[in-house]
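> Have a look at this one before I ask anything.
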């Protein structure tokens, strides 16, 4: 069986100031299950520009991965459904494209790095074959050319003795090396946007740092947009430009990375930051946000965080807070900051 | 069939032998298939059954190498010798028609092997393709196909065989193979469908999709190779099962018909007189048992080699 796939558009776009690389507008995703409709994403907005890193932070079930899968177009539909929203890639709504058009974007212009490299690599195919597949699918290269390219890629992500290991199988590599191979696969065609879904969660701490550094380095080199999905605040701090914090399918706070750490404007963000273990707290009990993440089948009315929020008032149980710009106490602008809390003023300044 | 697909990922131009491991790990030759093969070669059961099967294949392809006589030539049978015991030059003795049992047993190998191989290929192809489609499609298509397969699955192979063979009318090795395939495919189908469903939600399938692989490529290059190990094992065992089933059908008089030679038919002819002349029953029955045993043994040892959980 030979599949001849169309080549990717040869021209590499330069970033247009007015149209960002990726713009997600009011995205909703729901899953139809036997128990009812699970609202996984409830109106997410964010933008990513070329060369920019957006970190999306949130607990399990906050909708961060579902948003990413919706952008990639790899949600299983059904059961998933996108009732509302737009995903603009260079100004074009991907949700209106045909399946074939989207498939050609995937891997070539937008690529994804998965959490667990061992399960994301096919156990019965050599890494060389899987890396080469990118070139064969999208550029129609021959097996031999693709293999040469695969070795080049493995070199680029600093896998020692690439030429000798190109015919090895995934289980023969260590966890860090496997994640490098995943990165190499995502980078193969020099995409404009990379979505990394918890790329370092399955790795130990020292390897985490190496992999993140590599990712950041390659991102700079290619001037790519990067969406970094994580629940690990430590990973984010060094590499991200801005952060979006998600809770129950909504963005509850958005801010440039260092400002968020200094002055959170949402009680949930504050709770997350307070629950990071610190050396000077040795011997003390670790802070934890009380309660459990909401059940997506029955999201609380009003602000979804209200049952767990120390600041919750009656208004929080009744009215959903919009994501509003956050300002200084004197009304001075704080560019790029927004919070979806009725009491953001008290939270940030209080 | 399987070997070809399995070996695909290894580029033809590259050496398949491993280069020295840079990080000094103990050398481990890659992949389920190569591991399995290494493991197999060391097992005496594999060598024994493999040798027997090889001999049977040679017998089936070129029976003339092992016997100077042809069972279809004039004067092959001589009623004067009816039911005579083994003598020199006629080691297995004569049957009721005075035909040489040794020659007939040797020539009978071909039909058994044909039925076994053809039925196995057909069931594997049919069950594999339908199972793959049902597994990939899911939903109502899967439900319909599964219910249909269960109808066939519910029919025991002999009773179903009796039924269909009596409807088909003409019986030869090809119709027998066909009937066994009609009744046998649901077994392979079930395994294939299960494997496809088990594999299609794996992360590497999502990853392949995220990298722009087409549905065809995902099905054939990513899912299929992961489903082959259990299919190969079941098919190997089925070879023996189908050979035994053909003998049973022929024994019951609805399989291969005389003058064609079948071990089942020979057993059936010999059974009335087995107390007085056991040799007429013993030799074809022995050949049948040995053949079935060899394939079941091979299937068993292949399963042990390929099932990672048994390591």
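Any Cβ shown, glycine's included, is placed from N, Cα and C.
Keep in mind it's a predicted model, so treat the numbers as computed, not measured.
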> If you look at how TrEMBL annotates this chain, which of B:46-66, B:67-87, B:88-108 comes out as transmembrane segment?
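Result: B:46-66 is the stretch TrEMBL calls transmembrane segment.
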> State the residue range annotated as transmembrane segment by TrEMBL; the candidates are B:202-222, B:223-243.
B:223-243
> For which of the residue intervals B:260-279, B:280-299 does TrEMBL record transmembrane segment?
B:280-299
> State the residues, same chain only, that lie 6 or more residues beyond the ends of the transmembrane segment (B:46-66) and have a CB under 8 A from a CB inside it; answer 'none' if no residue qualifies.
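40, 106-107, 109-110, 112-114, 290-291, 293-295, 297-298, 301-302, 305.
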> Determine which residues of the chain contact the transmembrane segment (B:174-192) at the Cβ level, with the cut-off under 8 Å and only residues 6 or more beyond its ends counted.
114-115, 118-119, 122-124, 126-128, 130-132, 134-135, 145, 149-150, 152-153, 155, 157, 160-161, 164-165, 168, 227, 230-231, 234-235, 238, 242, 245-246, 249-250, 255-256
